[in-house]
Amino acid sequence: MLQEQVSEYLGVTSFKRKYPDLERRDLSHKEKLYLRELNVITETQCTLGLTALRSDEVIDLMIKEYPAKHAEYSVILQEKERQRITDHYKEYSQMQQQNTQKVEASKVPEYIKKAAKKAAEFNSNLNRERMEERRAYFDLQTHVIQVPQGKYKVLPTERTKVSSYPVALIPGQFQEYYKRYSPDELRYLPLNTALYEPPLDPELPALESDGDSDDAEDGRGDEKGKSKGTSDSSSGNVSEGEGLPEGQEEPLPGRQRPRDKAAAPRKDAPKRSALSKAVPGHKPKVIPNALCGICLKGKESSRRGKAEPLVHCSQCDNSGHPSCLDMTMELVSMIKTYPWQCMECKTCIICGQPHHEEEMMFCDVCDRGYHTFCVGLGAIPSGRWICDCCQRAPPTPRKVGRRGKNSKEG
């Protein structure tokens, strides 16, 4: 609104001084020319400075301080709107009279098909726009942004039907949902006491201990380490007076297998497999020009200065003299009957895992590795220890004839 016209309509001489807080600005030259073309202002007013006011502020001022003027102004606006609608209707009726055409009855079905086709195209475009451009919308009543729900596969009704006892509400109550555990799974659960430790990933590399610590543990006797010994259950199966072949030393209690310090670091070995019994027809591995990992000599000479064949690991390229590995002749003949593993590749026969080296012990007859917790032992036994695969049959007792009543006593 123009400030000059408002002040004239309200009868206020100095409108700017009376209402200085109203927002106002000066009209540009183009705006004055536009108002002159609409006959809103005169040519004299076009040369003068004119000021524009905000319409909403002026109407609020009229409602508060000039209610009579505002009522008169509202009536004038309604008359103008009514006149505009009437003029628009007259123009529309004149256009209809000028463009009046008679529609043939035979073309009505064609027009109906065209109208239906256009309506279908409009609906398809509207739905496509909703799905691509306006998927989410803001709900003015709840002030929540509504997002379309994703598509999910629906199961058949019989698969999702709830039973009469779906879940126990109190401890000990019957329910139809339960899990059946296999014997191997139950060994990991603490029913009375868990028999197995948490399973380890077989693909994880085994932790290798330092070689210096192995040498230090060799002289500790029955202390922790990869020692071999006899448990109470198997100590009676081997006689203490049983002799050993000449040239072989009796293994010390609690001894450990010396690690191959000078051997090259082994590469990624293939997946290990548990070997519980001798493999029929097994042929030992043959590596020409192999060197012992301890004394760094071939089969022509050992650390004792004698020619001695080497034993080879079935998993890697490590080799060693039986005397350097503290092996007896019986043990050497036994390890040739199955794929023998060196200390670097040794795995448990029961679980097939190389982990928990501090709990690994070895049979004194076949040199197979076992975890203490896999065979039900709480700790590594001291002395000699023999696995179940190598347990010897107990000696058959000799039959002694009964003495008669008339027998003589010597």
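Cβ coordinates are placed from backbone N, Cα and C, and glycine is handled just like the others.
Note that the structure is predicted; figures quoted are calculated from it, not measured.
The compositional bias 'Low complexity' feature in Swiss-Prot is assigned to 199-208 (among others).
Swiss-Prot lists 228-254 (among others) with the feature compositional bias 'Low complexity'.
The compositional bias 'Basic and acidic residues' annotation in Swiss-Prot covers 257-271.
Under the three-state DSSP scheme, LYS153 (SUMO2 cross-link) falls in the coil class. Marked as SUMO2 cross-link by Swiss-Prot: LYS153 (among others).
According to Swiss-Prot, the SUMO2 cross-link annotation covers LYS297 (among others). DSSP classifies LYS297 (SUMO2 cross-link) as coil under the three-state reduction. Sequence-distant neighbours of LYS297 (SUMO2 cross-link): residues of the same chain at least 6 apart with a C-beta under 8 Å from its C-beta are LEU291, ARG303, HIS321.
Under the three-state DSSP scheme, SER182 (phosphoserine) falls in the coil class. In sequence order, no residues are near SER182 (phosphoserine), counting only same-chain partners six or more apart with C-beta under 8 A. Per Swiss-Prot, phosphoserine is recorded for SER182 (among others), and the stated evidence type is similarity to another entry.
Residues or ranges marked as phosphoserine by Swiss-Prot on the basis of similarity to another entry: SER209 (among others).
What Swiss-Prot lists as phosphoserine is SER213 (among others), and the listing cites similarity to another entry.
According to Swiss-Prot, the feature phosphoserine maps to SER239 (among others).
The region 'SAY' annotation in Swiss-Prot covers 1-207.
The average pLDDT computed for the region 'Essential to induce neural progenitor proliferation' (1-97) is 89. Residues or ranges marked as region 'Essential to induce neural progenitor proliferation' in Swiss-Prot (evidence: similarity to another entry): 1-97 (among others).
Annotation source Swiss-Prot lists region 'Disordered' at 199-282.
Swiss-Prot lists 204-246 (among others) with the feature region 'Essential to induce neural progenitor proliferation', giving similarity to another entry as the kind of evidence.
Residues or ranges marked as zinc finger in Swiss-Prot: 291-348 (among others).
Across the zinc finger (350-393), DSSP helix (H, G, I), strand (E, B) and coil residues number 6 helix, 6 strand, 32 coil. Summarising the annotation, Swiss-Prot assigns zinc finger to 350-393 (among others) and lists sequence analysis as the type of evidence.
The number of other CB atoms found within 10 A of the CB of LYS153 (SUMO2 cross-link), across every protein chain shown, is 4.
Applying DSSP to the zinc finger (291-348) sorts its residues as follows: 7 helix, 5 strand, 46 coil.
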